[in-house]
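Report on one structure; see the data block that follows.
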Amino acid sequence: MDTAVAAASTKLTEKEAQIYDRGIRLWGVDAQTKLRQSKVLFIGINSLMSEIIKNVVLVGVDKVELVEDALATYDKLACNLFLSEDSIGKTVVSEAIQKINSLNPLVTVDSTDKEFETMTDDFVKGYDLVVLSHTNFSNAYIVNNLCKKNNIPFILTGTFGLHGFIFEDLNEFTYQKRDESKEGSLIETHKLSYKTISESLKGGVWNKRVDPHFLVLFLLAKFEEKHNRVPDVLQNIDTEELTSNLNEVIKQHTLKQSEIDKIFKITKDTLRTLNAEVPTTCSVLGGIAGIEVIRILSRNGTPINNWLFLDVEKGTGNVEIL
Amino acid sequence: MTDRFSAMKLTYGEECFKAIQESKVLVIGAGGIGCEVLKNLVLAGFINIDVVDLDIIDISNLNRQFLFRMNHVGQPKALVAKDAVLQYNPLANINAYHGDVKTQQFDLEYFKKFNLVLSALDNISARRHVNRLCLSAGLPLVESGTAGYLGQVTIIKKGETECYECHPLPVPKQFPVCTIRSNPSAPIHCIVWAKMLFGKLFGGQKNGGDDDTNGITDMDNNIISGSEENGDIVRDEQLLVEKEKGYKRWVFHKVFNTDIQILAKMADLWKEKQPPSPLSLDNILDQKEIDETSKEGDQLINQLKDQKLWSFKENVEVFLDCAEKLKDQSEKENGLVWDKDDEISLSFVCSASNIRSQIFNIPMKSRFDVKSMAGNIIPAIGTTNAIISGLVLTEAIKIIGGRFNECHSTYLMKEPSSRRLLIPTSLEEPNPKCFVCNRNFITCKLNTDKVTVGKFVNEILKKSLAVNEPILTVGNDLIYEGGDQDLDKEEIAQRKKIEEKIMGQYRLVNGSQVIIEDYNQDFKVTMNIVHTNEFDEDIKKKKEEENKDQNRAKQQDEKKKEEDEKWFEIIGSTTTPSNENKKECDATNTNENGMVDDDDDFEILETPVPESLVCKTSSTASTNTTTTTNTTSLKRKYDEEDSEISDAKKQKSDS
Amino acid sequence: MAGISSARLSEERKNWRKDHPYGFYARPTTNTDGSLNLFVWSCGIPGKKDTIWENGVYPLTMEFTEDYPSKPPKCRFPKDFFHPNVYPSGTVCLSILNEESDWKPSITIKTVLLGIQDLLDNPNPKSPAQQLPIHLFLQDKDEYVKKVRQQAKSYPLAE
């Protein structure tokens with residue numbers, strides 16, 4: 001292909017240079033160009049996802065594709081940036097498309113329907129990244145496996161009230177980074193290897209040095225595996241089972257009472273607000289996930305490897321390799 | 001369920017949510033952090049919100065300030081943000097102001113209307129102002145800042161935490177004059193030079209064009225070396241020739257030839273380096289263009305137009321063109337101020353800097369890079385602001401919900417440090433020597449139209465407050481110096497003259513603030529002077545009574561009565577209120593929400609009033625002297641080390 | 001607000017009165033109402049004995065800003081003062097007076113004045129600020145000495 005033509009098509013326009021100026025000054029024009037060529041698939045447009053999409057669209061990607069079949073109801077409103085009272089009765093996805101178009105007209109936005117059970121490779125092919133908002137682990141495994149098979153980076157993320165997490169499976173991932181502690185140092189290429197979430201949850205050995213949030217997710221996954229559904233936190237029987245499973249795990253380790261209390265508190269809080277989306281957590285996690293998307297698409301800077309756990313009131317955002 | 005707040009209620013509790021809805025919040029700044037904060041506030045159920053911002057929207061804001069659209073460019077941020085964020089809750093009561101928070105419109109009275117202040121500013125000066133107002137009003141303040149990938153949040157509450165000014169704040173870097181004028185070694189030195197040149201040539205009277213300290217060049221001086229005295233002057237005659245050919249050639253020759261010749265003569269500067277060579281304009285313009293920009297071989301396909309380095313000749317051409325245009329503009333508008341977003345101004349600085357760089361063998365820079373350096377641009381993205389504003393909201397809700405003890409600072413890293421991307425740290429206690437939040441205040445009421453400085457010093461300071469040799473400072477001036485032994489005759493005579501002056505005619509007027517120190521002891525207190533006539537009546541009455549009882553043996557009583565006449569009053573303690581005292585104050589004033597309802601105005605900006613209710617004392621009817629608590633610990637320790645201000649422990653980042 | 005800077009300057013004044021090097025003077029300038037301006041000081045630096053600068057007390061103005069002590073004061077001799085590291089305007093070019101170089105907030109007025117006194121007889125050819133003095137210093141030592149001694153005469157010791 002003629003270099004000049006290729007150059008012309010990838011070069012940022014004058015207007016784009018003006019709009020994205022402050023971002024370009026941070027990560028450079030090469031990274032910006034990569035962003036501009038990227039396509040991202042977002043599955044499940046809840047409040048958290050609306051924050052992530054906002055952050056990603058603002059930096060100027062090529063295209064975002066949305067998957068969401070829900071109608072806007074009051075409990076869907078929560079802190080979803082794309083929904084307001086006027087949205088009630090409309091589809092979430094149509095509202096999202098409209099808002100995204102307004103947010104950055106330079107980005108193409110589209111929607112697609114898909115049932116998890118019947119997804120094929122074609123569903124994820126052609127995207128540079130797939131982001132899934134957490135609803136249950138069964139869907140997570142499906143999408144993660146599809147992405148793995150097609151060598152597409154995958155992010156899973158979710159919030160539970162004041163808690164949240166990000167999981168990344170970027171396959172065999174090469175990226176560039178400059179050692180900023182040395183003046184005028186060269187850009188170096190690095191490589192990371194990732195596992196699937198299924199591998200992580202099943203093989204992940206929890207010990208007391210690991211963030212307790214992982215334990216909670218592990219228990220939720222185990223519950224799902226057994227019952228083929230997510231726990232209903234309003235049902236005592238479900239919470240009792242989760243609690244007894246938690247106790248089992250704890251017994252296998254020598255923990256101080258304060259450590260046990262801490263774990264129980266996080267578990268209790270998480271379960272109590274399993275389906276609650278609040279703007280504090282969504283804004284923070286949406287921002288962190290947003291940077292991850294940017295890093296992954298531009299192959300610039302170290303991405304999370306492979307979990308991040310957020311406790312927004314404590315102000316902790318801890319990264320673990322599990 | 002008919003609203004979007006059920007998750008909020010479930011997560012934070014009904015009581016907390018109710019407090020949220022009833023609270024009044026002030027947001028200062030509607031830019032990067034501000035937009036995100038406003039969005040979070042409304043989505044969290046806050047209803048009563050005021051937002052203030054003095055800026056208008058610029059196209060470069062659109063990559064992160066998500067409430068703004070292309071068609072909003074040029075409009076005030078606060079107003080557009082309000083409209084945009086109302087969509088999330090049309091019932092919210094938002095007042096938006098396109099204004100400067102440092103003005104009278106947003107005075108202490110205004111601040112007192114709120115329960116909480118959220119600062120989303122991007123400059124130190126405004127942050128300091130807001131810090132002081134919040135301290136005065138006793139309001140909790142959530143302070144935050146971002147720069148690139150980094151960010152932080154902290155809480156400021158008078159008496160409980162450090163304030164924004166408890167530790168020295170970073171001061172903007174300046175380069176030594178010699179480096180800029182004679183000896184540049186890096187592109188930034190040339191850029192600073194170019195900006196100063198702009199100011200000198202095009203600033204006009206109003207913008208410092210005549211500033212003596214801007215000795216960047218003197219257009220009319222063509223002496224290269226020598227002096228009148230020695231009769232060995234060497235002049236650059238070519239300068240006058242160029243002047244005849246027009247402004248742009250004249251300027252070029254002066255700064256890139258004549259001035260360089262002068263520098264080159266300073267031989268010792270150039271022992272280890274190549275001396276600079278003066279440029280000949282005609283030679284440059286006649287030269288054939290060599291494309292220097294493909295030196296590196298690497299074709300940067302993605303490069304922005306502005307990132308392409310101009311050739312040396314291009315720089316010269318741009319310089320000449322801009323110089324001429326700017327001269328005309330400057331004359332029309334009576335002087336220009338440099339603006340990084342003005343195309344010609346930026347090109348001038350870029351080209352001037354590059355030409356100078358070339359002369360001194362410094363690498364040239366692209367216009368893109370020059371804009372960053374000259375314009376002090378801080379790169380910014382939305383994700384950092386989103387994270388920080390989520391943390392701001394978290395702390396805000398803790399405060400509103402009465403959980404101040406759970407508040408903490410949080411730092412956002414670029415990449416995880418020891419596996420931590422977010423790092424919480426506990427809030428620090430106030431710095432006991434902080435000039436802003438921990439000053440020791442007392443008030444003195446007396447008749448400033450009658451009392452002399454001498455009487456004030458001898459009776460009140462020396463006798464009443466037991467200050468040995470008082471040293472008084474008002475604002476930037478030392479108004480009285482005690483301590484004879486280390487002053488010369490003249491100084492002592494001058495002091496005597498001052499002692500004879502009436503207080504009110506020598507700075508110690510109603511509403512003034514005087515800092516009282518002791519020459520010999522470790523002692524320091526700030527005294528507010530309040531003028532009053534109230535004691536005159538008492539003295540008058542006593543005199544009348546005396547006249548009635550003329551038959552009494554007065555000789556002995558007279559003296560005593562003189563001493564009994566009260567002519568001043570001191571309110572407050574000269575010791576720092578201890579923590580214990582503080583808790584007492586809080587206990588009596590705390591309302592249900594756990595917020596302190598401070599009646600005392602800790603006010604530096606306006607007429608001050610006693611600091612602490614508990615510590616308030618007043619003299620009794622029969623004695624002159626005031627009672628101060630803890631007279632034994634009257635002298636506050638003032639560490640010698642205070643004169644050494646250590647490097648700032650924390651970097652306060654700006655967004 | 002001038003809080004930190006005026007407190008520090010008041011402290012400097014106090015310390016100077018208690019103890020200062022012989023032959024030097026340093027005092028805040030007097031305002032019309034008799035008060036002293038802490039931000040502009042009038043100082044005098046004696047030339048060291050047994051140097052060509054001796055027998056002169058050279059007047060120096062020190063100007064402080066509200067950023068003091070984060071930023072150094074601006075020190076100025078009279079216009080056209082003869083010294084290789086003094087600009088025609090009188091501004092002194094010295095590393096401890098430069099923020100980018102050796103200035104530290106812990107440096108006192110005393111240190112500054114002693115440093116400038118030192119500079120008198122030890123000019124730094126690497127940072128020339130004035131054409132004639134540096135030229136003479138390097139090329140015509142005799143003339144240089146002559147000029148310095150002449151200058152000392154125009155700034156005699158008091159009394």
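Glycine is treated like the rest: Cβ placed from N, Cα and C.
Annotations in TrEMBL come from automatic prediction, not curation.
As recorded in TrEMBL, the features of this protein are as follows:
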ACT_SITE  B:Cys178  active site, glycyl thioester intermediate
BINDING   B:29-34, B:Asp53, B:61-64, B:Lys77, B:122-127  ATP binding site
COMPBIAS  B:541-568  compositional bias 'Basic and acidic residues'
COMPBIAS  B:595-604  compositional bias 'Acidic residues'
COMPBIAS  B:617-633  compositional bias 'Low complexity'
COMPBIAS  B:646-655  compositional bias 'Basic and acidic residues'
DOMAIN    B:12-419  domain 'THIF-type NAD/FAD binding fold'
DOMAIN    B:445-535  domain 'Ubiquitin/SUMO-activating enzyme ubiquitin-like'
REGION    B:541-655  region 'Disordered'
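Everything TrEMBL records as a feature, shown here on the structure.
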residue: B:Gly29; record: ATP binding site; Cβ within 10 Å: 30
residue: B:Gly32; record: ATP binding site; Cβ within 10 Å: 27
residue: B:Asp53; record: ATP binding site; Cβ within 10 Å: 27
residue: B:Asn63; record: ATP binding site; Cβ within 10 Å: 24
residue: B:Asp122; record: ATP binding site; Cβ within 10 Å: 20
residue: B:Ser125; record: ATP binding site; Cβ within 10 Å: 10
residue: B:Cys178; record: active site, glycyl thioester intermediate; Cβ within 10 Å: 22
Of B:Gly29, B:Asp122, B:Cys178, chain C-adjacent recorded positions (C-beta under 8 angstroms):
B:Cys178
Which ones, out of the binding-site residues B:Gly29, B:Gly32, B:Asp53, B:Asn63, B:Asp122, B:Ser125, lie near enough to chain A that their C-beta is under 8 angstroms from one of its C-beta atoms?
B:Asn63
How do the residues of the domain 'Ubiquitin/SUMO-activating enzyme ubiquitin-like' (B:445-535) split into helix, strand and coil according to DSSP?
31 helix, 28 strand, 32 coil
Provide, as an integer number of angstrom, the distance between the C-alpha atoms of B:Gly29 (ATP binding site) and the residue listed as 'active site, glycyl thioester intermediate'.
39
Give the three-state DSSP assignment (helix, strand or coil) for the residue listed as 'active site, glycyl thioester intermediate'.
helix
Given B:Asp122 (ATP binding site) and B:Cys178 (active site, glycyl thioester intermediate), what distance in Å do their CA atoms have, once rounded to a whole number?
31
Compared by Cα position, which of the binding-site residues B:Gly32, B:Asp53, B:Asn63, B:Ser125 is the closest one to the residue listed as 'active site, glycyl thioester intermediate'?
B:Ser125
